[in-house]
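What follows is a set of notes on a single structure, which appears directly below.
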Amino acid sequence: MISSKTSFIALIGNPVSHSLSPIMQNAALQYLGLDLIYIAMPCKDEDLELVMNSLKKINCKGLNITIPHKEKVFDLCSEISPIANKLKAINTLKLNSAKEWSATNTDVEGFIYPLKTLNLTKKQSIVLGSGGAARSVIQGLINLNFSTISVVSRNKSSLDELIKNFENQITIEGLLNNDNRTETLIEEADLIVNTTPVGMKTTKHEMNVLPYGDVFWRSLNSKTIVYDLIYNPAPTPLLKFSAKKGCITIDGLKMLVAQGAKSLSFWTNGLEVPFHIMNDALKNYL
């Protein structure tokens, strides 16, 4: 029951009305019996500093940060974890003993969660897209000891920047989506990860299209694991297509839940968080 003593955790971004985080986080908080609630708060760019400073003064125990503030929030934090610095993005904060914001990023741990039980050491991978999500995916693939990463994108400038950030850590190459070499790479890939928004229910993209078009996927075969970070609709057009090819498929729901569970553990100083409760809450909602 919410009382005058109840504290809160907030999601800050713009927009936030589509977020599923309140569903899964409040299910976990209720299960754990904590006097906390989780709310979503829309926040414009020009209000970010004011909102962040104001939340220090009231009963806010932690924050999730989403688009478009994941990079802008750096200047408002007193402590930043190595992984957040590496990714140049923050998604989780809590107030430290000095009433200042300590920050981290839980996206990498979220991404690798459904892959941990698979033997992927020294395997070959393809990442589709070169935006912010691709950074977390590439770092996760490095942590899982993949041998090579090929990043395919439409945007040469963001692709070049992404490759430059990781080229000293792993064998990585960037290709534009119309490069003829992609056909062979897809045929040989052990894992393909889609970080583009193509197929997402709430985007302007047509629902039944595949990232980079049907021809791009003609060499896909059943030995490849296909992981789509999109979780709505379930399954996505890409995962429907891949399942028909006999591929193992993974959607983005487990990543969403796992990164959320890691955030909740961060806010509660290492409390064991019920993944299954959060996952079931989202499945029931969707």
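In case you wondered, yes, glycine gets a Cβ from its N, Cα and C as well.
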Co-listed shikimate-binding residue [Swiss-Prot; alongside SER19, LEU20, SER21, ASN91, ASP107, TYR231] among THR66, THR121, THR196, THR249: THR66
Candidates GLY110, GLY199, GLY246, GLY252, the one Swiss-Prot lists with GLY129, SER130, GLY131, GLY132, ALA133, LEU229 as binding NADP(+): GLY252
Around the Cβ of TYR231 (shikimate binding site), the count of other Cβ atoms that are within 10 Å: 20
Pairwise C-alpha maximum, in angstrom, for the residues (GLY129, SER130, GLY131, GLY132, ALA133, LEU229, GLY252) that bind NADP(+) according to the record: 17
Distant-in-sequence Cβ neighbours of LYS70 (active site, proton acceptor), under 8 Å, six or more positions away: ALA89, ILE90, ASN91, GLY132
